[in-house]
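Following: one structure in structure tokens, then a few remarks.
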Amino acid sequence: MILSIESSCDDSSLALTRIKDAKLIAHFKISQEKHHSSYGGVVPELASRLHAENLPLLLERIKISLNKDFSKIKAIAITNQPGLSVTLIEGLMMAKALSLSLNLPLILEDHLRGHVYSLFINEKQTCMPLSALLVSGGHSLILEARDYEDIKIVATSLDDSFGESFDKVSKMLDLGYPGGPIVEKLALDYAHQNEPLMFPIPLKNSQNLAFSFSGLKNAVRLEVEKNAPNLNEAIKQKISYHFQSAAIEHLIQQTKRYFKIKRPKIFGIVGGASQNLALRKAFENLCDEFDCKLVLAPLEFCNDNAAMIGRSSLEAYQQKRFVPLEKANISPRTLLKSFE
């Protein structure tokens, strides 16, 4: 088995993945959302301190799963990029300690690659090559994945990410953090689902294959300010619905532009924000239009987790892509560094 560790942001997670068939044997996670909610976003120093508390607790649960028999573990895998430096280092320190004490090889794994492999948790075979949309609080990307070694970014956001824009709109409406599920719920409750959108679709007339949410976010801000004296529940529902609809339509329009160029046969949606059900439905329709197979990460593995890191690290294990302890470092700003 591979013991994998994820600590790139505000989720502490450990998992055990069986090497022979890619089955997830154990997966434990502690979310920090309640600790960061009062701040309206992730506080790096607080996240780091909580990882230092939570990772050892999760390791104890792993020990119980193993009946304290660590001989079943053949490698340690750790997310080392990208992410918050102060949280990545907490996971790396644990991984190094385990690698040294158990005399096991160390695998450094890319967080974004892990999200792609969330599509294949509990599955030995992948369906690569494929293209994928990764939407989260930190990223909005279109990726092309040929195999483990060859995953490249073909489109990214010029400013805010999809998930980040939901958090900021939620803050404008005084709804709480994290904003994604709250805004989605209000949008679902809005009574007039078929009325014309009140917000502009970003980059609608641009030929640039990219994402942008800053203009949409500013349009929401102006609408909130206009309604500030009477910002009741009905108005919050309306703004949430029109914002979410415009944001998803932007993803659809840009992805459709990509589809017309590349005509992918398989398309995946991954990342924490891919839990949004309206987004999933919109991409089902898009893929039907282009006769493209849609693959979705299971809802429980959309957010950051060690299970996806364990699944992706199986490929590295088979290829013996191990890293000496003295060369094992974090790289917070690196996105899908190419293999040499």
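Glycine is no exception: its Cβ is also placed from the backbone N, Cα and C atoms.
Now, the feature entries from Swiss-Prot:
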type	residues	note
BINDING	H111, H115, D304	Fe cation binding site
BINDING	L134, V135, S136, G137, G138, D167, G180, N276	substrate binding site
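This view paints the features noted in Swiss-Prot onto the structure.
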{"residue": "H111", "record": "Fe cation binding site", "DSSP (3 states)": "helix"}
{"residue": "L134", "record": "substrate binding site", "DSSP (3 states)": "strand"}
{"residue": "D167", "record": "substrate binding site", "DSSP (3 states)": "helix"}
{"residue": "G180", "record": "substrate binding site", "DSSP (3 states)": "helix"}
{"residue": "N276", "record": "substrate binding site", "DSSP (3 states)": "coil"}
Out of H111, H115, which has the highest number of nearby Cβ atoms, where nearby means within 10 Å of its Cβ, if these are the binding-site residues? H115
At the Cα level, what's the spacing in Å between G180 (substrate binding site) and H115 (Fe cation binding site), rounded? 18
Whose Cβ lies within 8 Å of the mean position of the Cβ atoms of H111, H115, D304, the Fe cation site, other than those residues? E6, S8, T79, L112, G114, S118, S136, G271, N305, M308, I309
What are the sequence-distant neighbours of S136 (substrate binding site), meaning same chain, six or more residues apart, C-beta distance under 8 angstroms? H115, S161, F162, G163, G271, G272, A273, S274
Which of D167, D304, the listed binding-site residues, has fewest other Cβ atoms within 10 Å: D167
Among the binding-site residues L134, V135, which residue has the largest number of other Cβ atoms within 10 Å of its own Cβ? V135
Nonlocal residues around G137 (substrate binding site), in sequence order (Cβ under 8 Å, 6 or more apart): C9, S161, G163, E164, D167, P178, G180, G272, A273
Check the DSSP secondary structure of D304 (Fe cation binding site), expressed as helix, strand or coil. coil
How long is the line from the C-alpha of N276 (substrate binding site) to the C-alpha of D304 (Fe cation binding site), rounded to the nearest angstrom? 15
